[in-house]
Amino acid sequence: MAGPRNVRTLHGNGGRNNDVMGPKEFWLNIPPITRTLFTLAIVMTIVGRLNLINPWYFIYVWNLTFKKVQIWRLLTSCVMLSSRAMPALMELYSIYDRSSQLERGHFGPGLSNRRGPMVTVDYAYYLCFCILAITTATTIIYGSYYPVVLTSGFISCITYTWSIDNANVQIMFYGLIPVWGKYFPLIQLFISFVFNEGDFVISLIGFTTGYLYTCLDTHTLGPIWGMISRKADPTYGISPNGKFSTPWWFTSLYARITGAHNETATFNNNFANVPSSQRETRTFSGRGQRLGTAPATLSQTSGTDSGRASGSQLRSGPSNLNQFQGRGQRVGQTNSPSDSQ
């Protein structure tokens, strides 16, 4: 007889699936940088739709960005969603999915020794490099007064980097056509060329930026050149990577922004605030002895001297412990007759 089915009803939580996350759990489960991009895209769409802020202030224009010091346009123009529902949902999903996988995998904690807030510094540096490269190329092509939305270029850039890690992973293109991950950026470029001719150049700039980062990160001419020149190494242009590392000045700046530089100071302050009776200290707890008396046993001196003993002293074995065990005497006293016998 078949077992009971998991019947879900509209009322109560008797058939609730514990694996389904609520909105709060879903939001908290997103990596921090991706969460910021995801939230910013949604907030910009809402405030723009409600006319609380003119969407013009989100668009990238070189003259306004740098001459008028409206630096936020560098970021807002990369996550500005389409005014149409379906393209906007696809763009939002692409930002969430590609960015979260890069932050967890390609630039994640498993591939570096960073911990805490600093675990995301490499991904932050990657995004800053790509955004600056995309905006620079766009300014060269379109000029300093041309307004442009860079969302398609930003998505193409992170999609290309994502495709390197998922080259042999089969995915469903728009949920219909199975394709390999390594061909996904090229298919996106083709779709942009056929249906969105206005975004094709921006998408191509993003694709080129992602490829440029790969070349710098591997010190090669990239996987496309490896395929054209028929390199014997199939990983040419892909690995080993990590050669375009985050510079020290960016790491220091990021630590100040995120507050990571205060972690050591906070630990020291917390230790200083602990009462002296609760601190774990290392003090001598053995018996004292006068100069010239027999040394204490090993168990009495191990609290201090063993911590400072060198490796050669520890390896010398018990020979160092077989010392004089007779009666002690003060310095300057003569030996008693019983001792001389």
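Cβ coordinates are placed from backbone N, Cα and C, and glycine is handled just like the others.
The compositional bias 'Polar residues' annotation in Swiss-Prot covers 276-286 (among others).
Here Swiss-Prot flags 296-341 (among others) as compositional bias 'Polar residues'.
The region 'Disordered' annotation in Swiss-Prot covers 276-341.
Summarising the annotation, Swiss-Prot assigns topological domain 'Cytoplasmic' to 1-41 (among others) and lists sequence analysis as the type of evidence.
Here Swiss-Prot flags 63-122 as topological domain 'Lumenal', drawing on sequence analysis.
Here the topological domain 'Cytoplasmic' (144-170) returns a mean pLDDT of 93 for the predicted model. Feature annotation from Swiss-Prot assigns topological domain 'Cytoplasmic' to 144-170 (among others).
What Swiss-Prot records for 214-341 (among others) is topological domain 'Cytoplasmic', and it gives sequence analysis as the kind of evidence.
The feature transmembrane segment is assigned by Swiss-Prot to 42-62 (among others), with sequence analysis given as support. Remote same-chain residues near the transmembrane segment (42-62) are listed as 70, 73-74, 76-77, 79-81, 88, 92, 135, 138-139, 143-150 (criterion: CB distance under 8 Å, separation of at least six residues from the stretch ends).
Look at Swiss-Prot and you will find 123-143 (among others) tagged as transmembrane segment. For the transmembrane segment (123-143), the list of distant contacts is 33, 60, 62, 65, 74-75, 77-78, 102-103, 106-107, 150, 153-154, 157-158, 161, 201-202, 205-206, 208-210, 212-213, 246-247, 250, 254: same-chain residues at least six beyond its ends, Cβ to Cβ under 8 Å.
Here Swiss-Prot flags 171-191 (among others) as transmembrane segment, drawing on sequence analysis.
The feature transmembrane segment is assigned by Swiss-Prot to 193-213 (among others). With a threshold of 8 Å between CB atoms, the same-chain residues lying at least 6 positions outside the transmembrane segment (193-213) that come near it are 126, 129-130, 133-134, 137-138, 141, 148-150, 152-161, 185, 222, 224, 244.
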Long-range Cβ contacts under 8 Å made by the topological domain 'Cytoplasmic' (144-170), restricted to residues 6 or more beyond its ends, are 56, 59-63, 77-82, 91, 94-95, 98-99, 101-102, 105-106, 126, 130-131, 134-135, 138, 178-185, 188-189, 192, 196, 199, 202-207, 209-211, 213-214, 223, 238
